[in-house]
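Feature annotations, reproduced from TrEMBL:
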- 34-129: domain 'HD' (DOMAIN)
Amino acid sequence: MITFEQVKANPQIHQFIKQSAEYLKDIGYTDHGFRHVGIVADRAGKIARNLKFNKIDTESSKIAGYCHDMGNFLGRTYHHYWGGLLFHQVFNQDDDIKQVSDIMEAIVAHDKEDIKIMNKVSAAAIIADKSDVHRSRVLARRPDKIKADIHDRVNYAVKDNHLDVYPAKKIIRLSLTIDEKFSQPMNYFEIFTTRMVYCRVAAEYLGYKFSLEINKFRLA
Ligand SMILES: [Fe+2]
Ligand SMILES: [Fe+2]
């Protein structure tokens, strides 16, 4: 079994993530570096633990979360495909091929909205990734340009962000605290509706309901 620790310690994976973060910084995107992938890995792990995934799927969820954006340095548009294929360049014939292909599938699925979710690892990675909206994603990038870009404004407005899993009620809830000085909750919807729909589809795959709460107001 490939472990999360092993992936984090791998110099090639490290370089791909670092280089992707630099690439996206250069073209003006929000943070996609070690901060983002660290949070996504943690969250995917939290979902896996709460939903009692087996050991290998739990490790794979964290790994997919950590590696999901590492293909960006080869171009943004197909970064999910590059990421999946890069993973196989590093972990291949000596590794558990079922685990490798599940992780590849999850990396591709995170940004391919028309894909059919076929494993738990993909569902966990998608929810973990799409729920990471926070002002630190902008601050890490381009604090001077916040007002100009709606993605930046919405991300910047999010002061607090929690993802909670309630196994008894079968609910996964994203709770956001938005500073309305920077963005109205309505702007959030303009930008993030697709992401939230994707979270809902992924949660449903896991047999859960996805719930969204903004400034203590429950919207779903
Ligand atoms: Fe991505
Ligand atoms: Fe991401």
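Cβ atoms are placed via backbone N, Cα and C, with glycine included.
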Integer mean pLDDT for the domain 'HD' (34-129): 95
Helix-strand-coil residue split for the domain 'HD' (34-129), DSSP-based: 68 helix, 0 strand, 28 coil
